[in-house]
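Participant: First the structure, then my questions, so here it is.
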Amino acid sequence: MKQISLLGSTGSIGTQTLDVIRDYPDQFTLSALACGTNLELCRNQIKEFQPKLVSVQRPEDAQTLAGEFGDSIEFLYGEEGLKEVARYSESDIVVTAITGSIGLLPTLSAIKAKKAVAIANKETLVSAGHLVVSAAKENDVPLIPVDSEHSAIFQALNGEPKKAVDRLILTASGGSFRDKSRAELDGVTVEQALAHPNWSMGAKVTIDSATMMNKGLEVIEAKWLFGLDYDQIDVLIHKESIIHSMVEYVDRSVIAQLGTPDMRVPIQYALTYPERFARPKHERLDLAELGKLHFEKMDMERFRCMKLAYEAGRAGGTMTTVLNAANEVAVCRFLQGEITFLEIERIIEEALSAHSPIAHPSLEEIQAVDASIRKQLQA
């Protein structure tokens with residue numbers, strides 16, 4: 001029986017992780033969970049899965065839940081609560097399904113407690129990848145990717161040495177506006193941006209998909225997870241989201257991982273690795289019915305956030321911290337109706353242009369830069 005700590009239980013990845021746990025009650029137990037402010041859903045999850053430790057965002061919510069459930073469950077809150085869930089002694093693996101750089105400290109806490117980490121929180125690797133990877137190596141902790149693209153690469157690599165790999169090819173659906181010209185993007189609405197053609201995701205990642213920043217963040221994530229240079233990581237538009245990513249080897253063999261677009265598949269693989277469990281209810285891929293798969297080159301001028309991500313990644317240091325923080329603030333402001341869709345990339349570009357990067361930042365320096373950028377852009 002594998003004990004699981006889940007960070008971000010009420011979000012898209014979190015609820016789909018619970019679907020997997022629900023499907024395999026003899027294999028998985030939810031020992032601890034952390035969520036934000038969705039108290040109603042959290043309450044239902046506690047009743048169903050009966051974790052021993054729960055953390056919420058606000059102290060008053062922790063007090064409310066403690067009054068309802070009594071002493072059989074420990075309730076915590078805030079940043080310390082997140083870290084406690086991440087390093088909970090009874091857990092074997094931690095799923096970091098929380099969105100944003102708030103996931104950094106609990107991820108490091110899980111690693112230092114020598115917990116296996118199923119990482120779905122790409123912002124942590126973007127803002128502080130060198131610290132996370134270094135800590136994982138130091139503590140001999142596996143970082144198992146949950147994102148469909150990185151799970152695909154993880155499977156396609158299958159233990160091959162790095163010297164055998166020529167390049168990684170991440171696929172991208174193109175997002176909500178893949179068929180619109182750049183001129184047509186000027187007046188798009190929040191509702192239009194949230195209508196993703198293939199995947200069911202949270203609001204932030206859906207907007208990131210529309211700007212193509214999500215794929216940019218995934219390029220940086222891939223660099224840290226697999227230890228390759230940016231020149232070895234390419235992106236290809238693939239509208240059907242059937243090929244989740246590919247690895248091209250030095251002998252020009254290309255190995256791809258295919259499947260219908262359902263996040264529960266890579267989530268399950270991260271939880272069961274190195275084993276595979278059957279999913280009899282899952283839709284089987286029928287290539288004959290699909291008939292054709294389509295691919296397009298990535299247009300860096302149309303999708304400028306992708307270009308910014310590569311530039312920040314190559315610059316290194318705190319440039320990716322700025323990229324991530326500026327993007328989080330800009331997306332939040334767009335969702336609140338404060339800025340237009342195309343202003344997201346402008347805000348990010350201006351923040352990057354104004355920043356003097358620190359080459360090898362400490363955790364404290366990353367936190368300071370992150371806080372400074374957020375304060376500037378929220379003003």
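Quick reminder: no glycine exception, Cβ is built from N, Cα and C everywhere.
Sequence annotations record features per position, and here Swiss-Prot assigns NADPH binding site to T10, G11, S12, I13, G36, N38, N121, E123, G202. What Swiss-Prot lists as 1-deoxy-D-xylulose 5-phosphate binding site is K122, S148, E149, S173, H196, S209, N214, K215, E218. The Mn(2+) binding site annotation in Swiss-Prot covers D147, E149, E218.
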Participant: Rounded to the nearest Å, what's the C-alpha distance separating E218 (1-deoxy-D-xylulose 5-phosphate binding site) and D147 (Mn(2+) binding site)? Just drop the number here, would you?
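Facilitator: If we compare the Cα positions of E218 (1-deoxy-D-xylulose 5-phosphate binding site) and D147 (Mn(2+) binding site), the gap is 9 Å.
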Participant: Can you give me the same-chain residues 6 or more apart in sequence from T10 (NADPH binding site) with a CB-CB distance under 8 Å?
Facilitator: C35, G36, N38, L41, C42, Q45
Participant: Ranking the binding-site residues K122, H196 by other Cβ atoms within 10 Å, which is at the bottom?
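Facilitator: Lowest Cβ count within 10 Å among the binding-site residues (K122, H196) is H196.
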Participant: Hey, what's the widest CA-to-CA gap across T10, G11, S12, I13, G36, N38, N121, E123, G202, the NADPH contacts in the record, in Å?
Facilitator: 22
Participant: Ten-angstrom check, please: count other Cβ atoms within 10 Å of the Cβ of G36 (NADPH binding site), all chains counted.
Facilitator: 20
Participant: If you measure G202 (NADPH binding site) to E149 (1-deoxy-D-xylulose 5-phosphate binding site) at Cα, how many Å is it?
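Facilitator: Their Cα atoms are separated by 17 Å.
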Participant: For the Mn(2+) site (D147, E149, E218), what does the 8 A shell look like? I mean other same-chain residues with CB within 8 A of the CB centroid.
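Facilitator: Residues close to the Mn(2+) site, other than D147, E149, E218: K122, P145, S148, H150, S151, L170, N214, K215, E221, A222, S245.
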Participant: Hey, which of the binding-site residues S12, N214 is the loneliest by Cβ count within 10 Å?
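Facilitator: If we count Cβ atoms within 10 Å for the binding-site residues S12, N214, the smallest count is at S12.
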Participant: Do me a favour and check the Cα-Cα span between N214 (1-deoxy-D-xylulose 5-phosphate binding site) and S12 (NADPH binding site); whole Å is fine.
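Facilitator: It is 15 Å, counting Cα to Cα.
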Participant: Round to a whole number and give the Cα-to-Cα distance in Å for the pair D147 (Mn(2+) binding site) and K122 (1-deoxy-D-xylulose 5-phosphate binding site).
Facilitator: 8
Participant: At the Cα level, what's the spacing in Å between S12 (NADPH binding site) and H196 (1-deoxy-D-xylulose 5-phosphate binding site), rounded?
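Facilitator: Roughly 14 Å, rounded to the nearest whole number.
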Participant: Identify, in sequence order, the residues in the chain of N121 (NADPH binding site) that are 6 or more apart from it along the sequence and have a CB within less than 8 Å of its CB; answer 'none' if there are none.
Facilitator: L7, G8, T96, A97, I98, T99, G100, G103, T107
Participant: Please list, in sequence order, the residues in the chain of E149 (1-deoxy-D-xylulose 5-phosphate binding site) that are at least six apart in sequence and whose C-beta is under 8 Å away from its C-beta.
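Facilitator: Residues satisfying the criterion: L170, T171, E218, A222, H244, S245.
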Participant: Would you mind pulling the longest C-alpha to C-alpha span across K122, S148, E149, S173, H196, S209, N214, K215, E218, which the record has binding 1-deoxy-D-xylulose 5-phosphate, in angstrom?
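Facilitator: That value is 19 Å for the farthest Cα pair.
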